[in-house]
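A quick write-up on the structure given underneath.
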Amino acid sequence: MAPAPIILDTSDDLSFAPPAQPAMSQRNLILAPPSVSSHPEQLEAVFAAYNRASSDLQMLDRLSAGLISLPTATYDLVLILTGAAGERRSEALSLLGRQPFTAIVTSMKSGALFKLQDGPLSGAEAREAILAGLVQKDGSFEKAAEEAVAVPLKLGKKKTTVNKPVQINLDDIDGDDDLIDEEDLLTADDRNKIVQPPECRPAPGRRRRACKDCTCGLAERMAGEDGERQDKATADLNALKLSADQLNDDEVDFTVQGKVGSCGSCSLGDAFRCATCPYIGLPAFKPGEEVQILNNTVQL
């Protein structure tokens with residue numbers, strides 16, 4: 001009797017290959033207006049057509065108010081419940097503004113569809129969908145896939161700059177050409193302007209004073225201003241003195257001590273003076289006292 005054949009098992013006892021992944025089902029986002037909550041039979045009809053396990057139901061009014069957030073790039077289909085006959089179309093479209101459309105488009109995958117339950121969007125109603133980035137396709141709107149575009153960069157050849165020496169012939173230079181006297185560039189305002197160093201500037205509310213070892217020119221200016229004020233004061237103090245030539249022949253200069261007039265009352269005041277006395281209007285004075293008039297005011 002022939003021996004039985006021996007069969008060797010050459011398969012691997014331990015396999016490191018990853019397990020097969022189940023096929024991903026389509027993810028749906030169903031957005032319902034608030035009035036649908038009072039009609040559960042309509043929701044049951046929707047979930048009969050779309051798998052409940054792979055569909056998310058959100059209220060459109062909560063999305064419009066920003067109370068909920070949607071995951072990014074998750075859904076293959078976004079369905080707006082407007083009723084089979086469109087009885088809730090106006091209610092749903094009134095809640096679809098710029099902010100809800102932005103959130104919806106962000107949650108859609110590339111190539112995902114956006115549509116209404118009762119039919120396509122009209123021209124005016126589709127404006128927000130188009131502004132959000134959706135493209136109209138076969139009565140619905142699709143999120144176009146973003147394609148990467150390679151842009152070649154053309155880098156030019158690096159330019160090298162060679163600094164060539166500049167030769168100047170000193171014999172061609174005339175000493176009188178293109179020479180400008182710096183003093184001619186200064187105006188009268190520049191000459192009178194004094195730049196006081198920061199350490200010499202007075203505190204706020206204090207009078208500006210020159211330093212003891214002033215080098216900015218402030219001391220010279222203040223000395224000149226003081227001299228001008230002194231000269232003006234001296235000119236103002238130039239009194240009007242009544243000389244002998246200004247007096248009548250029959251009158252005597254009573255400003256000289258020891259001299260008296262014919263009436264002897266000139267120095268006592270207007271109440272004792274004659275009508276033709278040259279001192280009418282002057283205050284009483286003592287003989288020998290100098291009478292001066294400064295700024296229309298009599299000074300003794």
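In case you wondered, yes, glycine gets a Cβ from its N, Cα and C as well.
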Listed range which TrEMBL flags as region 'Fe-S binding site B', given the options 68-82, 263-277: 263-277
Region 'Fe-S binding site A' per TrEMBL - which of 166-182, 200-216, 217-233: 200-216
Secondary structure content, the region 'Fe-S binding site B' (263-277) (per DSSP, counts of residues): 6 helix, 0 strand, 9 coil
Cβ packing number for Cys277 ([4Fe-4S] cluster binding site), 10 Å threshold: 18
Number of Cβ atoms other than its own within 10 Å, given for Cys266 ([4Fe-4S] cluster binding site): 26
Tally of DSSP helical, extended and coil residues in the domain 'Fe-S cluster assembly protein Dre2 N-terminal' (26-154): 42 helix, 33 strand, 54 coil
Rounded to the nearest Å - Cα separation of Cys274 ([4Fe-4S] cluster binding site) and Cys211 ([2Fe-2S] cluster binding site): 60
For the motif 'Cx2C motif 1' (263-266), mean pLDDT (0 to 100): 73
